[in-house]
Amino acid sequence: MEDKYIVILGPTATGKTALSIELAKKTNGEIISADSMYVYKGMDIGTAKPHEKEQEGVPHHLIDIVNPEDDFSVYDYQVLSQRIIKDIKSRGKLPMVVGGTGLFIRALTEDFSLNNIPQDLNVRNKYEEIMAEKGKDYLHNLLKDKDPFAFDKLHPNDYRRVIRALEVYELTNTSIYNLQQRKNVKNMDILYIGLTMDREKLYHRINKRVEIMLENGLVDEVEGLLDRGVPANCNSMKGIGYRQVLQYLNGEISYDKMVEILKRDTRHYAKRQLTWFKAMDNVLWMDMLDTPIEEAMEKILTSMQEKNIFPRINN
């Protein structure tokens, strides 16, 4: 009973924010973000972060907690989210973890060990320079002999995790996945809700979302971050939306090319998210084009009863 809570997951643009807010209002819940970009202050448009009006009075956690130039690790997320869940439950409310960063969700729900994995900025920088000189595919191929499991698991475009895997192997002579040993089996008291939709329709929504972000001032947002002194090479600026705008501002690509690349990269990211989440067990999947929010809520409430998760239902 101690660890009962809800996780709403799925690719970008599937409607997680809208559904989670309605469910939180109905069940006296509080939302814990599981989005690796929501933590950064001042990065609102490119992350599609729910603004205060959208939140409709529902408490949200792990949004706007660090500056863009600061690092925020999976371990940081694991520690903070566990602490917040404990606090929410102590106040008799329902914790709801909502987001699309699969590693954040896994770190929380499977509670695997992260604090013993070493880091070395010099080693990391070395591999970043190799990638800049020889490309993502060359970098990814370095894993083949060193860490074949990571080689199979990671896509070349997921270069940050490729670099991290190479860094850990160089420091420990073992796979990062061997170090991420789970302390507990997956908690079966957690209710996982997965949102999805037809891929072509999802891609259309993503393309439209990118256009809206640009209309709402994404380029101005990135320029403002740079004017404030946020380094262009910090981790937050490597996020989707920000790195493509930086390429445009640096004169590397045209505006139209930036839009094209941003749409493409966001679609690819959604595909990777869906692949990650579809590999998970015990997820109640819902097609959000075919399922109205009211019907989705009823299905979730029924599943909550089956798992003996009994929040206070607000009429």
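One-based numbering along the chain as shown.
Glycine too: its Cβ is placed from the backbone N, Cα and C atoms.
Looking at the stretches 35-38, 39-42, 279-282, the one that TrEMBL records under the feature region 'Interaction with substrate tRNA' is 35-38. Cβ atoms under 8 Å from those of the region 'Interaction with substrate tRNA' (35-38) belong to residues 46-47, 49, 62-64, 72, 77, 99-101, 103-104, 236, 239 of the same chain, restricted to positions at least 6 beyond its ends. Cα separation, T101 (site 'Interaction with substrate tRNA') to A13 (ATP binding site), rounded: 13 Å.
The DSSP breakdown of the region 'Interaction with substrate tRNA' (35-38) into helical (H, G, I), extended (E, B) and coil residues amounts to 0 helix, 0 strand, 4 coil. Recorded residues G10 (ATP binding site) and R124 (site 'Interaction with substrate tRNA') have their alpha carbons 30 Å apart, per Cα-Cα distance. Considering other CB atoms within 10 Å as the measure, the emptiest surroundings among the recorded positions T14, T101 are those of T101. The recorded positions under consideration are K16, R124. Their Cβ neighbour counts within 10 Å are lowest for R124.
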